[in-house]
Amino acid sequence: MLRTPTVSALVRNVAVRAAKPTMAVRAASTMPISNPTLANIEKRWEQMPMQEQAELWMALRDRMKGNWADLTLQEKKAAYYIAFGPHGPRALPPPGEQKKVLAYTVAGVFLSFVIFATMRAFAKPPPATMTKEWQEATNEFLKAQKSDPLTGLTSEGYNGKGHVQSPSASA
């Protein structure tokens with residue numbers, strides 16, 4: 001290959017053109033979507049195959065990129081329904097679901113009460129340290145030991161209950 005200035009310039013231009021990134025631009029569709037396609041979309045949307053749903057949504061999205069005054073009433077209704085309609089996660093609950101939720105909640109609370117009552121019925125009695133007499137004796141022991149003289153039982157002017165928290169054993 002000859003290395004002339006003309007050939008070098010031609011090769012340079014080809015290399016520069018190849019290095020420039022080109023972006024594909026998709027033009028918004030100017031043709032309205034046919035009425036039979038959009039007719040009764042509220043009832044047909046859930047039964048449509050996913051591919052057909054995606055194609056219809058893309059076509060509507062392309063139409064919405066243009067002037068909204070050019071959209072037909074059917075297209076506006078379909079776009080609104082697809083975007084905000086009661087389908088998918090926004091679907092209305094089936095009839096009777098509230099009663100079912102209430103019934104299961106009541107059953108769960110009742111079952112937890114039965115488990116609690118059963119455990120209380122077969123539990124051991126409270127320990128001896130949970131009597132009022134034992135707790136008063138604990139207070140006297142701590143006073144004799146001069147425990148916590150700054151803020152506790154043996155501090156000046158203390159008038160709290162100390163460790164007493166249970167009813168008397170004779171009660």
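Counting begins at 1 with the first residue displayed.
From the backbone N, Cα and C atoms, a Cβ is placed for every residue, glycine too.
Small disclaimer: the values here were computed from a predicted structure and weren't measured.
Swiss-Prot lists 145-171 with the feature region 'Disordered'. For the region 'Disordered' (145-171), same-chain residues at least 6 beyond its ends with a Cβ under 8 Å from one of its own Cβ atoms are 126, 130-133, 135-136, 138-139.
Marked as topological domain 'Mitochondrial matrix' by Swiss-Prot: 28-100. Assigned with DSSP, the residues of the topological domain 'Mitochondrial matrix' (28-100) fall into helix, strand and coil as follows: 48 helix, 0 strand, 25 coil.
Residues annotated as topological domain 'Mitochondrial intermembrane' in Swiss-Prot: 124-171.
The transit peptide annotation in Swiss-Prot covers 1-27.
Summarising the annotation, Swiss-Prot assigns transmembrane segment to 101-123.
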The topological domain 'Mitochondrial matrix' (28-100) [mean pLDDT, rounded to integer]: 88
